[in-house]
Each structure stands twice: as C-alpha cells, then as structure tokens.
Amino acid sequence: MEVLLLGRGFIVTLICCLFKLSTATEIPLSVQQVPTIIKQSKVQVAFPFDEYFQIECEAKGNPEPTFMWTKDDKPFDLSDPRIIVSNNSGTFKIPNEGHISHFQGKYRCFASNKLGVAMSEEIEFIVPNVPKFPKENIDPLEVEEGDPIVLPCNPPKGLPPLHIYWMNIELEHIEQDERVYMSQKGDLYFANVEEKDSRNDYCCFAAFPRLRTIVQKMPMKLTVNSSNSIKQRKPRLLLPPAESGTASSVTILKGDTLLLECFAEGLPTPTVDWNKIGGDLPKGRETKENYGKTLKIENVSYRDRGNYRCTAKNFLGSTTHDFHVTVEEPPRWTKKPQSGVYSTGSSGILLCEAEGEPEPTIKWKVNGSPIDKNPFAGDVVSLGEISFTNLQPNHTAVYQCEASNTHGTILANANIDVVDVRPLIQTEDEENYATVVGYSAFLHCEYFASPEAIVSWQKVEEAKPLEGRRYHIHENGTLQINKTTEDDAGSYSCWVENAKGKTAVTANLDIRNATKLQVSPKNPRVPKLHTLELHCESNCDPHLKHSLKLSWSKNGQAFEINATEDGRIIIDGANLTITNVTSEDQGVYSCSAQTALDSAADVTQVTILDVPDPPENLHLSERQNRSVRLTWDAGNDHSSPVSEYIVEFEGNKEEPGRWEELARVQGKGTTVILPLAPYVRYQFRVIAVNAVGRSHPSQPSDHHETPPAAPDKNPQNIRVQASQPKEMIIKWEPLKSMEQNGPGLEYRVTWKPQGAPVEWEEETVTNHTLRVMTPTVYAPYDVQVQAINHLGSGPEPQSVVLYSGEDYPDTAPVIHGVDVINSTLVKVTWSTIPKDRVHGHLKGYQVNWWKTKSLLDGRTHPKEVNILRFSGQRNYGMVPSLDAFSEFHLTVLAYNSKGAGPESEPYIFQTPEGVPEQPAFLKVIKVDKDTATLTWGLPKKLNGNLTGYLLQYQIINDTYELGELNDINITSPSKPSWRLSNLNSTTKYKFYLRACTSKGCGKPITEEGSTLGEGSKSIGKISEGVNLTQKTHPVEALEPGAEHIVRLLTKNWVDNNSIFEDVIETRGREYAGLYDDISTQSWFIGLMCAIALLTLILLTVCFVKRNRGGKYSVKEKEDLHPDPEVQSVKDETFGEYSDSDEKPLKGSLRSLNRDMQATESADSLVQYGEGDHGLFNEDGSFIGAYTGSKEKGSVESNGSSTATFPLRA
C-alpha cells in the first residue's frame, strides 16, 4: 500500500504481503495478546436528578487485563469507599450522595497485562453548579422618548445550552421587532424608546434545559418620559459595542453555525444589511434573522472564512462594522495507526497523521508512557511514523498516538502482537451450507495464523485442490463457487498451512432448485372502477418453502400489506386485489419471492381502461341550408381505442336544452357532414365511445341556424275514434317540432264516402283531431291529412279508409239446438244475424247459461249467469263445466265494438247422470292382526243416484312391489263403513274406495294402514281435512282403546301439508266393570293431586318470569313444542303415505277401472269459447283447471285423507 510520510516530502511504497492478512484478522482470545479497550465513557455530566454516575472502561486481552485510573493525570484510588467498582472490569459508579463535586475532573483508564498497556481517551466528569442570578438592587432607569437604551441580563454560568427570554411578571414575552432586539448574550436593546416601553417588570429568564432549571433576574423598571422635541439622528452601532471599533475578529469551528449580529440605535429605526467583502454570501446556508440584525451561516467550512460587513442605515446616514471570521478545526485522523499481528523476524510500520486548525502536534507513547522513556531496540521514531525490523516476541506492546491542538485531543491505540502459532481455524467443522442452482456458494474457513498461512480447498472424494475460473479463495479463507450446478453438491475440505503446521475442516454443500415465479394474468387491461386480481404462482425447492416470502410492488414501490386507508388494496399472500381501480393504479406490478437462499421476481403491465376524454375543439364548416360539416379533435382514449363518436344536437323549440342523437361516426374519423332540418337553431356536441363506455359530452359547438321550408312529411297513424253512432272523430300523430320546417303549422283534412263520385270535403285545423258527422252508421270513408305551413304544403297525402261510428246490434240469434255431449259438456248451435243488423264490426257471439234445478233432489237454484264468448262469425260453441243431472237455461246474443245486442229466447236442456266425485274421506278406525275397519263420508257431489261403493285393497309393505288387488262391491249406498277380514298380520295395506252411480264409479280416495302382530292391542288412527274457519270439528267413531292422530290440514290440497297434528289416545271399556267408578280409586286421586300441584308450580314460575321480563328463546320453544311433522318423521314406527307424495310402485298394477264406464270427457276447453269470471280468455282458451290430479302410479285420485298407524309387537 502507499503511505504518505509527513515531513519527508516523498512517497514510500511499502508492500506488506507478509502481514496484510494478519492485520485484517482478529486474534482469538485463546492466543496471548495485549489488552484492547473495547468500551469507554465519553463526557459524563452529574445531573442532580440521577441516582448514580457510571464511568465505563471495558477491555479484552490474554492474560486477562487489570485496570487502573488517573484523575487529572494523577493516580485515582479505586478502593475509595465512596465508589462502587465492577468485577473483572474497569467500570465504576459514583453514587449521588452529596459528595460528587469531589470527583469532578478528567479521568483516564489503563488496561494492562504482562504484554502491554492500553489507555483510554480522557473522560471528563462534570459536576455542574446550580445557576443563580445574584441578589441585587437594580436602580430604575429613566430615559427620554426617542433615546436608545440597553437592559443588561448578565446570565449566570451553567451547563450549556443556555436559552434566554425577556418576559414580564405575567410571563408574557416582550415583543421584539426592528426597534427592539435581544443579543446573543441576552441583553435587551432599544434603538429608540417609545412611551409604550414604560413598565416596571422587565424580567430576564435564563433556562438550562439539561439541568431542568430556569432562573429569573430581579425585575427592572424603565420609565420613558415623553418629549415634544424628539430629534432624529443617524445610526450608531450598539452591537458590536463602540469599544470594539469598526472591526472585530470571530473564530468558529468547522461544521458549527456562525452567528454575527449588528444592532444600531437611531431615529428613524435603522435597517441592517449584510455582505461578504470580496465574495458572496453562501447560498442555501445563510439566513438573516431578527429583522436582519443576525447573519446565520450553517455548517461552516474553510470557504466561509474572510471579512463580513454589516451596514446600518436610515435616511440620515449609515454606519458599518467588519467581522474577520477565522475557521478552525479540532484534530481529526488522516492516517490512524493500525494494530497488527507479526511473526518473529518480520518488519512493520505505524503511521500517525492528523489534520486540524491550528495544525495538531503528534505524540507517541508505548504502553501508556512516552516513547522516549521506554524505547524498543530497532524502533525508528519520527514525527508521523514508527518503523521496526526483525521483530521478536518481547517486542509485543501497545503503541499510542495522540494528536492535539487548542480545540481538543484525539488518541489511537495500535497493538503490536508478535505471535508464532500453527493455524487456528475458527469456523466449525462439518458446517452445512446450501445455495441455489446458478447462484454463488460461499464456504467459510475463517482462521488465524502467524506466520502467514496458505489456504487450499478440495472436494473430499477427489483429494486434489480445486482449480478453474469458477473457484475463488478469498483472503479470509472463504471459498466462492460461481454459477453452481447440481454437481457441486458434496463435502469439501479447507486446509490452512504455515511454517508452524497445518489444520483442516470439512464443509458440506447442498444445491437447491431455484425459485420460479409467474404472475397471472399477463398484461391485463382492466376497466376503471372494476376489480384487478393478480395471482403470483410460485415454485420453490421443498427445503426453502418454510422461508418463502412473497411481496408485491408497483413501479418499484413496495406495497404495505393492506395499508391503504380506503381498503381498496388487499394483499393475501400470493393474491393481490385492487377494487374500484383508477388511472393511478396503472403501472408495472411485480411479485417478488425471497427465500433463505435466493430471490425471484416476475412482472406484469397493468393497463387501466377508462372512458375516453371528451372530444375538443369542435368546428363547423361547409354550412348549407340542409347540412353542415362538424370537425373535432379526439381526446385521450385511456388505452382503449375509440370505436365510434356520437354526434348530438340541441335545438328543439318544444324541449330546449334536450340533446338528441343525430349521427354516429365509426372508427377514428373526426369529421362528419350532418343532415339538418329547416327552421332549427342547431348546437352540436360529440361523445366518444370505447369498450369501457361513453365519455362525457364535449363542449357545445357554435350555433348554426337553418332557414324555414315547407313540410317534408305528412302526419302518420291516421285513425278514427267513434264514441257515438254516425260520428267520426279523426285523429293522427302531430308533426314533431323538428318536422314542422317552418312557422304556422296547420293540417288540411279531406274526406268523402269510399268510392263515391262526390267532391272531397275539407277542413283545416291547428290541432291533431277533427270531429265529422256522417249520415249513416258504420260507413267507410276515404280520409287524407296534409301538413301545411307559411312556406307551403307537404307532399301529396295518402288516403286511408276509416269507418263512421257503430251502433248496437238490433236483433238476436235463433238457437237451433243444444246437443248433450256428456254430463258436463254440451254443444250449442244458432243462426247468425244479418250483416246489416250488426251496425258495426261483428266481434262474435256470447252464450249465457244458468242452472235452474238439480234432478237429484228437485231443489231450484238461484239464477247465477255464466258467460262464454266466441270470437268471429260462427254458429256453434261448446259449453263446459256443467253440473251433471241438472236442468239449465241458455241464451245467445251477438256483440260488436259498441256492445252486445238483444238475447235470444232461453233454451232449456238437462244434463244426464255422471259418476260421483271421490268420497269426502276414508279412515281406518280399527285394526287387529287380521282385520281392519274402514269408514268414509259421502262424496260432495253425487252427480246422480248413488248405487254403492267399490272397495279395493292390496299389500304394499314399504316396498316398491305391489300385492294382488282385491275388490269388494258394496251395494248398500247408505252404509258408511266396512270391516275387512282374513288379512295378513303385521302387514301394510293400501285401500281404495270409489262411489258409484248407474253411470259408473268415480275417482278413488286412498288410505294406508298396517295390521298388528300376535298379542297386540287393537289400535287405530284417523286423519281428516278440517275447515279452517270452524272452531270445532266433530271426530266420528273413535274406537275405544285405540290411539289416534288428529291432523289439521290447509284447505289447499296441493301440498297436503299439515299445520297441526296431535295424538289422542282413547281408552274404552274392553272389559266390563274394569274402570267402573274410577274416581273412587286411591291411585287416581293421588295422580290428580300431583298433576294439580305441578300445574300450580309451573304457573308460578311462568308468572315470576313474565314479571321479570324473561322471554323464552326460540330454542326453548322448539324443545317444549316440537313440530309434530318433524316428530312423525323421526319416529320410524309411523310412516306417512298420501296421494300427493306417494312414490311410483314397481310391477304391473291391473286397472282399477274394470267393469266401469269411461269417465266423462276432460278434453281441452280451447275449443269451447270465451268465458267471463276468469274462466276463459278473449280468444276462447280455458284458464281454470279442469282436469283432476293424477296419483303417482296408475291410480287416479283427486286427493285423499291420510292415516298412519304404529306397529306394536
């Protein structure tokens, strides 16, 4: 290395290859070495509020160092009982017990062992005094108005920094301005006093923040006497004081802040200005404070030395003062002596150079003593260096270099350790390392060796030194393998050898797979205010997954996880979501992965799409009567190309301010010729459209007004509205404002009978309706409407045919006959009425019918008319939904747009018998092991004379296979029950019951039940629909000793859902006398008493809870009152079977309709015609349901009661 030797004027190049590595290596503590101070105190201040004061000195060495101290260059006794010394350390504490002023001074620590002595820098221990203003009587000051005056502060000395304030007794600051100024020393200057300056409480406060102390000077009284003859005068400097003359010197340390101040008295108040003689004030570092009275220059450098001038002036004159500024500097190292490790017989050099102003003096010491008192043989000592040759072990020592000037002293210790040892490898043996394919691997082999050692590395299995450009061994022994591959994995040996011997350690290297990332989607284009979702797919070595950390950044700036104030940005590991994106979210997004061994990153360019900016600079050209060219400049498309422009106009006189679309321009075109209408004052605007949406409209263009012209079109949608016969109210769509083409719009209406060779009648109107009376009813007319204005007429109008007003038909059709199709359907035929009797447009025929009486019981019925309409010209119709076995009356009438004509004479007909409806209910009221008793109710409609019932049953047994169907014909229609015998025990059956007339049997009602096993008690269950409006419903024929379930059902049988279900157990007298006079039994009396007591307790608890405001929770209610439907599902003993939810059964079920006539037709009623009361549409289609629901499977049924029975073994 190159070494600059001070005072010699030449450069000596000294290559210290023998010990260059050693100087960079720290000596292990296992090797003998001189002491080294590793920790020491700086300046220590004894603040009165601290508990103790610690002065530190820590050192290391081998042998372990001992410590001694000096105070003010004299030995300091550590055995003083007033201090506390730390063990194995030079640190000691001084308790704050009132005698600390005795310890004030400058301390130095010495750490020594048999090899040398290290010394610390000086440590100053300051015991500050409590600052106080002296007690004094301050005479009042009295001056004339306009005179100058200075109020002295003379603050006490104390621990800096010092802050001075002038306040009154109320602790309000004395205001300072151009006239009043406080100097750096704290004195208060007045350039000229005013009457308002009179006060008796001018107080100077001195604050010492490090001591937490503020002291106050005695108040001063200032009296300003008013004067009628205040004399103006030119400036005179009060600061610097007059005794300083016209120039003074200022010394400032480099890096400090320079403060120069000038204050002048005079009247008017002088102003102060600053300049540097022969140069400029440093820009950026200089400020003028206190109304220009203080010049402040921060971070002073040598360039700032020189002469500065302040100039105070008013209109009467000026005065100046020059400051000669000198910049000085405490000592600082330019070449600091370095410690070194040397082997026997080697040579070395210590350099010590420092700069400062004044120039520092250099002093050398050895082991804490001046070098001239303790020289080593062979040392060559000069002002800035010490050189030595042929070093021996006894030359081991600590050299000190001290540089000092008037501003301070700096000290450096340099250890000279002469050591001869075999290499000591400090890296642990069998250390494991890992890196990633393609990265560099670093295998450490830190060692200490003296004399110098040679380091070599080899792979264990190859046993030869590593060679090649990929391998590099650093001076500290570390092996660097560049661009690693999987083949580099394995064990390596580090060998360190010098003249004293050699040592080795082994290192193991693992190669991991590199981490890979992929951000998706790639380069997404996201519309504004939509959501951006990015995913970072990572793939890393399994050994590195635990250390994998993903992070996101945008344009190089990292995202803080979920740190946005509005919560728009959400980072969830590998996912980045930004909601309501804006243009500010556009940029390059990067996903970075960091593992313990490598890092990876992938980027994607996010483009935010937004609606275009509005077009600009609209310009009109090529102005014509019916066209104009509009040109514009495109705005920013925000990354989504403009697909079209929409041109809108405003100019509608009827709707001013309303913009309407006029034209569209595709692609990138920015000009268009616009077609215009006459008599419009146009203004245009343009909207740009892209894939995101529409821009805001552009600013409107200039106005363009077109001249008037005759109308271009005539009214459309000419029609007639007739409210009275022989009347024709002609209406049309009026021309819009933009279609009128000019002022004075009117309509010319002409008409004449269609095809008649007569003149056109004509009338001109301004509105869009005209009432015309005609001589005949419902006669055709040719009508024309033409638009006209002040400039002419519109084009030749087209004729339309309109009819005059209608009247009611005046004759009725004649009924030819009524053909009975079946018990509920008939066909009616009639004669149509002549066309001239319709008096309008025939819309169709209406059939009215009503039931007069039932043929079953002969009862007459009140007249309730049913209506069915048939559109068009026809002479027949089908009338459905009739009651069977009844007498009806029927009429027919014609109707047109005006209304209905007279009815025909009533036609009387009768409907034949039909099959009955299904029985009202079917119940199994008692079952035993081989018998079952069923009861049922009459059908609601018998539709004829009841001849009996057909009862059928078959085994189902919870399977999809059906048993053989058995039939029983019950010929007694008055018998409402039947007992089946010879049934199988413990078997489930399904029962079907139909009511029959001479026409056949109706649809069945079904029920299911199960017989009992051997030894079981007979039981039963009923289930029946109940009218919800009734408060009670009688339950018939409850079998004694049976358990029954009563279920309340909704009246709508579609879902067959029960809304209430309860279990009733009835007990009858199975054996006579068993329960005779039960009220006399003692067990019964006890049971009743217990029930009464429990009821009383429950009522009391409920009353207390109610008064306390307690409420049952929903859960408690559910526990107390479980849903009976749910309970029945949970109870496997009870199985629900009903027509509405029965599953289809496997196997072939033979027809239940054998030996029965076909049921009446249930054909579609579209052909029947129109019906009122919500039955039929105007086109004759049937609205209401007219077909019975079909039971799942092959059995037809309109519904059934449901009953389930438990099986008890």
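Using the three backbone atoms N, Cα and C, a Cβ is placed for every residue, glycine included.
TrEMBL annotations: computationally assigned, not manually curated.
TrEMBL has this to say about the protein:
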type: COMPBIAS; residues: 1115-1133; note: compositional bias 'Basic and acidic residues'
type: COMPBIAS; residues: 1195-1209; note: compositional bias 'Polar residues'
type: DOMAIN; residues: 35-124; note: domain 'Ig-like'
type: DOMAIN; residues: 128-223; note: domain 'Ig-like'
type: DOMAIN; residues: 235-326; note: domain 'Ig-like'
type: DOMAIN; residues: 331-417; note: domain 'Ig-like'
type: DOMAIN; residues: 423-510; note: domain 'Ig-like'
type: DOMAIN; residues: 515-607; note: domain 'Ig-like'
type: DOMAIN; residues: 614-709; note: domain 'Fibronectin type-III'
type: DOMAIN; residues: 714-807; note: domain 'Fibronectin type-III'
type: DOMAIN; residues: 809-914; note: domain 'Fibronectin type-III'
type: DOMAIN; residues: 918-1015; note: domain 'Fibronectin type-III'
type: REGION; residues: 694-716; note: region 'Disordered'
type: REGION; residues: 1115-1153; note: region 'Disordered'
type: REGION; residues: 1187-1209; note: region 'Disordered'
type: SIGNAL; residues: 1-24; note: signal peptide
type: TRANSMEM; residues: 1083-1104; note: transmembrane segment
For this session: Could you tell me what the rest of the chain brings near the region 'Disordered' (694-716), counting residues at least six beyond its ends with Cβ under 8 Å?
Result: 611-616, 618-620, 623, 625-626, 628, 630, 632, 635, 646, 648, 650, 659, 676-688, 732-735, 739-743, 745, 747, 768, 785-795, 797-798
Exercise. Of the listed stretches 35-124, 128-223, 918-1015, which one has the most C-beta pairs under 8 A with the domain 'Ig-like' (331-417)?
Worked result: 35-124
Problem set entry | Secondary structure composition of the domain 'Fibronectin type-III' (918-1015) [DSSP: H/G/I, E/B, coil] | 0 helix, 49 strand, 49 coil
Exercise. With DSSP helix as H/G/I and strand as E/B, how many residues of the domain 'Ig-like' (35-124) fall in helix, strand and coil?
Worked result: 4 helix, 48 strand, 38 coil
For this session: With DSSP as the yardstick, break the domain 'Ig-like' (331-417) down into helix, strand and coil residue counts.
Result: 6 helix, 50 strand, 31 coil
Seminar exercise, completed: In this predicted model, the domain 'Ig-like' (515-607) has a mean pLDDT of 89
